[in-house]
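Taken from TrEMBL as is:
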type	residues	note
ACT_SITE	HIS64	active site, proton acceptor
BINDING	PRO161	substrate binding site
BINDING	HIS191	heme b binding site
DOMAIN	23-316	domain 'Plant heme peroxidase family profile'
Amino acid sequence: MAVKVAAAFIFMLFLLSTACQAKLSSAFYDKSCPKAESAIRTAIRTAIARERRMAASLIRLHFHDCFVQGCDASILLDETSSIQSEKTAGGNNNSVRGYEVIDKAKSKVEKICPGVVSCADIIAVAARDASAYVGGPSWAVKFGRRDSTTASRTLANAELPAFFDRLDRLISRFQKKGLTARDMVALSGSHTLGQAQCFTFRDRIYNASNIDAGFASTRKRRCPRAGGQANLAPLDLVTPNSFDNNYFKNLMRNKGLLQSDQVLFNGGSTDSIVSEYSRNPAKFSSDFASAMIKMGDIRPLTGSAGQIRRICSAVN
């Protein structure tokens, strides 16, 4: 009897230990690598100072990582005989950027704390620091994620939101990740910093009825009916280099560049959220930070799962 009780007690301790391991914490590296955040921040600020557009790219990189297999840095893995890289998925190929910035940050951290800080955590910090650098909100990043040893181009093709998605499809995609419609609208607000390639908005500027005529005309100059596939246009014409709420003001004027943007304000269930954020930048900023924290909690690998990659683009 005593043996059974002791065994049960040990099992309960194991469960408690596992639960503790699975929790992310902003204090995770306080003892093992206390200078990690400052080292990452230096690399991120340097990159954005060189190219302002990189801020949007790093926020998007975190988003595209977390939506496929969870926040596990699977998006950083290069193609090998056993790995189908997510970098070449439809929503990522020749579109997602910032890989080299994460590599640079990882290199800095490895010099001070080799084999301690995960690439997944570096992506999360990079997104936060990118937001703060261009005038957006900051937040306490929780740490303890580990890096995946696998990637899935198939999942990336299936689960990443697309520029042609309808509102119900977008809401469904986010709900499957534990994010609400409000989270989705708030996260979409980071598009105020982004740019889009011509092929993603050509159909809208030439064929949509819910688009401002002057806005469409301006966009056609850089996006002809044929050719110019990769020509870039800012998603926010007014303040493309600053994190603000102009994105939502643009939607209310039918100046959303992508279909997946304008559906957020097109007579549907998210109209009221867009309207609220257009009037209340502080509320948008607060909700964006909260949504980023929630997104960073999507299915992280913790404890002994996965690994801490020494090089972010390859499994150890």
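A Cβ is built for glycine as well, from the same backbone N, Cα and C atoms used for every other residue.
Where TrEMBL records a feature, it is marked here on the structure.
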residue	record	contacts (Cβ under 8 Å, 6+ apart)
HIS64	active site, proton acceptor	ILE75, GLU86, GLY91, ASN92, VAL96, ALA156, LEU160
PRO161	substrate binding site	PHE67, GLY91, ARG169, LEU170, ARG173, PHE174, SER260
HIS191	heme b binding site	ALA56, LEU235, ASP236, TYR247, LEU258, ASP261
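The average pLDDT the prediction assigns to the domain 'Plant heme peroxidase family profile' (23-316) is 96.
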